[in-house]
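Copied from TrEMBL, the annotated features are:
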- A:22-241: domain 'MacB-like periplasmic core' (DOMAIN)
- A:23-46: transmembrane segment (TRANSMEM)
- A:269-292: transmembrane segment (TRANSMEM)
- A:273-396: domain 'ABC3 transporter permease C-terminal' (DOMAIN)
- A:312-334: transmembrane segment (TRANSMEM)
- A:346-365: transmembrane segment (TRANSMEM)
- A:372-390: transmembrane segment (TRANSMEM)
Amino acid sequence: MGSLSLIFPLAWRNLWRNRRRSLLTMLAIFVAVYSMVTMGAFMRAWSRAAVVETINNLTGHGQIHAPGYLDDPNVDHRISHLPSGVAEILTRPPVSHFARRVRVPAMIRTERESAPVELLGIEPEREQGLSFIPHAVVDGHYFVSADERGILLGEQLAKRLQTRLGRRLVLMSQGADGGIEERGLRIVGIFSSQPDIEKYSVFITLPQAQALLQIGDDFSELVYRLADEQDSGVTAARLAQQAGELEVRAWDELQPFTKALMEMSEGSIWIWILVSFALVSFGLINTLLVAVFERMREFGLLQALGMKPRWLLLQLLIESGLMLGLATLSGLLAGMATVQGFDDGLYLGVGASYFGAAQVVYPRLDWTELRLIGISVMLMGLLASLYPAFKAARQVPVEVLARATN
Amino acid sequence: MEAGGQDSAIVKCDAVVKTYQQGAIQVPALRGISLSIARGEFVSLAGASGSGKTTLLNMIGGLDRFGSGEVWVEGAPLSRMNNSELADLRLSKIGFVFQAYNLIPVLSARENVEFIMQLQGVAQAERRDLSRQILARVGLAGMEQRLPAELSGGQQQRVAVARALVSHPAIILADEPTANLDSKNSLELLTMMAELNLESGTTLIVATHDPQVIDFTRRKLVIKDGTVAEDY
């Protein structure tokens, strides 16, 4: 279209005619786009960190339990053997790690205090790469052998029990025969983790736990981890087909709060994006309407000189497109730079642990989302510009020119 | 009315009626005007403010729609044209000079003059050449790059006249072109328009109530209460 060479420069110059107004509108679009990019990246990083934290802690990507254990996690609900189909799936990709655990309620007592705890009997080697505990010991050491006689306590629990590394304590729990079993253990390690785990979880080796509870080779749960979290649903379904009466649950079923947090975070991002879209649209409509009303005489003149209404419409859409394009591009680039600036992680503080998230989150750019934001803002903005542009194009030239001179 | 397209008249009006609605009141602006203007004439539409002269000029220029009657420009009936066709007619056959707000503020004097040629698709080199010539002709050589805000009122009107003339339209419609000018500038502008009328044979129709302008035109149509009161 030959007239584009006329309309484009005209649109560009008109954009800078009222520099302050154009810049303010562009600033609003910039802020909206910038916040969409950064909010999206940081909120997702936060919810992602919560998921990773959940999976890393003790949940894994999925678990297998005896029937009834999830409703009443005690020593009566335990697994005696795994079906061969389950064992076969666990040894092949996408499963990368798995381990058995005893996990029952217990009491712990020192010479000064006592406290209810959750006792976890673990396979020390197999927990490597599966959960946080092998790397969480801050004082003392992690279990060095599969049946080491000792106990790991969280920092907060140790403080509450007024005990420390190297001291002895008594662990009590209900055994398989219904009687209370107890055993004296030395504290071999103090670990640091999320507040709930630090306060209520204690770790001994699996053989020690099985011996304490007198359950032979039985265990409470089997935890597995996958190479890719995306496979968790499918893998859980495959395991369930082979598990017979055993109950198989993916991480999002085991931790509905984290799942809800993730969904809420995703929902918040979209609400924010919608609010930003609305702000951009109303800001743009307002700016263009004011500009159109201010320039009515000029539009009358342009039409009197022979400019067709559709060219006028195009000119205003190009003006709007230039404003949107510049602001959107700047917003995207600034947002990308900000997110990239936190490539090494953003420290949220200890408080983040109370919400189930990691203290450090790692925002990442989602190229699909960036494209979506860019294209959507441009389209929504142009759509919002149609009304003022149509208003200008439909103006009868004489109404703005002749009226003043008759 | 076949005659509209067949005789020597470049503009012909037949029983043109235009009524404006102002709230609940209907205000008649043109009460069945009929007239004929031949090619190359220099005509003034004279009359007091509110007489209907500007309304008539707008009807001839296709800037507004009339209620009944017909207007022909070079034989083409305007009532049958849509807005886009009217824009084409203005682009190809009619040049306008308004009382004020004649120029596009973001374009320089040269770009304002070139605007219509650009809409018409004239090549850049030819546009440059013609705009330089016409701006020199109206006494604005060396001011080509100035924006309208950097020109005086008289200079702005000269640019508007240059723009109206540069594409050699069949008709130039001017609405109170000297209203915002002092007498010296008015005289210069009128002299220039009269010379261009003689040189190029362009039909000039000027709506005015300024006696100095009326004296300059060769034919005077006095508009009163929406009708032609005198034609001499």
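Heads up, the Cβ atoms here are built off N, Cα and C, so glycines get one too.
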Would you kindly list the residues that approach the transmembrane segment (A:372-390) from elsewhere in its chain, counting only those six or more residues past its ends and only Cβ-Cβ distances under 8 Å?
29, 32-33, 36-37, 40, 273, 277, 280-282, 284-285, 288-289, 291-292, 312-313, 316-317, 320-321, 324-325, 328-329, 332
Which numbers of helix, strand and coil residues does DSSP report for the domain 'ABC3 transporter permease C-terminal' (A:273-396)?
95 helix, 4 strand, 25 coil
What is the pLDDT of the domain 'MacB-like periplasmic core' (A:22-241) when averaged and given as a whole number?
87
